Structures are given as structure tokens and as C-alpha cells.
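Marked as active site, proton acceptor by TrEMBL: 37. Taken from TrEMBL, the feature active site, proton donor applies to 175. TrEMBL lists 10, 70, 146, 147, 148, 149, 177, 197, 198 with the feature substrate binding site. TrEMBL lists 35, 37, 70, 175 with the feature divalent metal cation binding site.
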């Protein structure tokens, strides 16, 4: 088994007026990576930030934090080079947003970033499957992308289970409504990269929430390896 439990706070849930220090705080609380939501007002109705912000954050927090860019944009091809130059580590695009995933995967790789491929709740996991061996991570959205604070969609878990059974060593991320109340379902289904926004960042004790999420996932991974 090549994958491990990783917890990535969604920094959009933090106080955006002090984003740099919030990122540092999350890493100090034990985060494995930082999940950065980029929304363009087209692919999703909301608008967040772009590569200039990522560049500033990278300068502010240094080289260590792994930036997982969740590109909720209608033309993901357009931002590959700017995001790579800004210091992004992984470029996660939506399969619904492009007509040529293969080309885009190649372009992301050539820019020096890891490749993530995301699907919205309405998209079948079979649409992602042909690309699974070419990517580093599959992201199964557990809410409709575009807004924080939505309710976790448990009916997305069969997608995660199917991916885990077909691609045993793939990093599988879940994003949306994930926290202490829903982590067990994600872990049992086979997710190992956990995006959590308000449950971590809004907590009085983010360190203990991150530790709890990681423990639940690590135990599920261990159980899966023993069951094989």
C-alpha cells in the first residue's frame, strides 16, 4: 500500500485577512498539506483568488507546505503555468471543465506539479477511471463545489470504495462537509486525503481535530492492509 493518511485544511474557511498566518497556524497544528480553493465565478458561482495570492502565500509561508490547488475553473488549461510559477505543488482540475484531460495531465506534469483530477457529485466515477493511472490523486467531491459549509453527501462513498478497489495505491481525496462526524464513513470507503474546512479551522483546538481525523484514516488503512 503506497498511500497514507493526510489531512489538508481548506484555507478558504480561515480569516482571509490574515491568510499567511492562518496557513502557518494550520501547519503548526499538524496539517499534512493545505487545500486552496480557486473559483472563477464561471465553473462555480463563487469567486475566490488566483495565482497572485498563491505567490504571496508561498513567499509568506516558505517552501515547506504542500499546496493542493483545487481549480474550480472553466478553463483549467489557462492557469497551469501561472500556478506552477506561483509555487503550487498539485494542480487538481475538474474533468467536467475540459474536453482534453490527457493533454492537460501532460501539461501539468511538464510544469513540475502533481496531477489531481476531481469529479462533482453528479459525475460518475467511471468518467474518471480512464485517467486514474495517469494521475497522482482523485478527488471525489462530497458536496456541490462552490460554497463552504454544505452538508456531507454520504451517497458519494460508493465512488470512493470503487476507486479504492480498482486502484489500490491511488491517493483518494474527499472534500466537503468532512469532519469528526463524517470521517469514519470516508475512511471506511477508502479515502486517505481528507480536506476539512470549518471543522478544523473553526475549531477551538484544530490540533486535536487534525489528529483525530488522521487517526481514524490511518486505522482504516491498517485494517484494509490486514484484511487483504
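Easy rule for this one: first residue shown is 1, then count along the chain.
Every residue, even glycine, has its Cβ placed from backbone N, Cα and C.
Note: TrEMBL annotation is automatic and uncurated.
Here the Cβ of residue 146 (substrate binding site) has 18 other Cβ atoms within 10 Å, regardless of which shown protein chain they belong to. Distance between Cα atoms for residue 177 (substrate binding site) and residue 37 (active site, proton acceptor): 15 Å, as a whole number. Neighbour density for residue 70 (divalent metal cation binding site): within 10 A of its CB lie 27 other CB atoms from the protein chains shown. Counting only same-chain residues six or more apart in sequence, the Cβ atoms lying under 8 angstroms from the Cβ of residue 35 (divalent metal cation binding site) belong to 8, 9, 10, 11, 68, 70, 175, 195. Across the structure, residue 146 (substrate binding site) and the residue listed as 'active site, proton acceptor' are spaced 9 Å apart at their Cα atoms. The CA atom of residue 37 (active site, proton acceptor) is located 14 Å away from the CA atom of residue 198 (substrate binding site).
Each residue in 8, 10, 12, 36, 68, 92, 139, 195 lies on the same chain as 35, 37, 70, 175 and has a C-beta within 8 Å of the C-beta centroid of that divalent metal cation site, without being one of the site residues. Burial estimate for the binding-site residues (10, 198): highest at 10, by number of other CB atoms within 10 Å.
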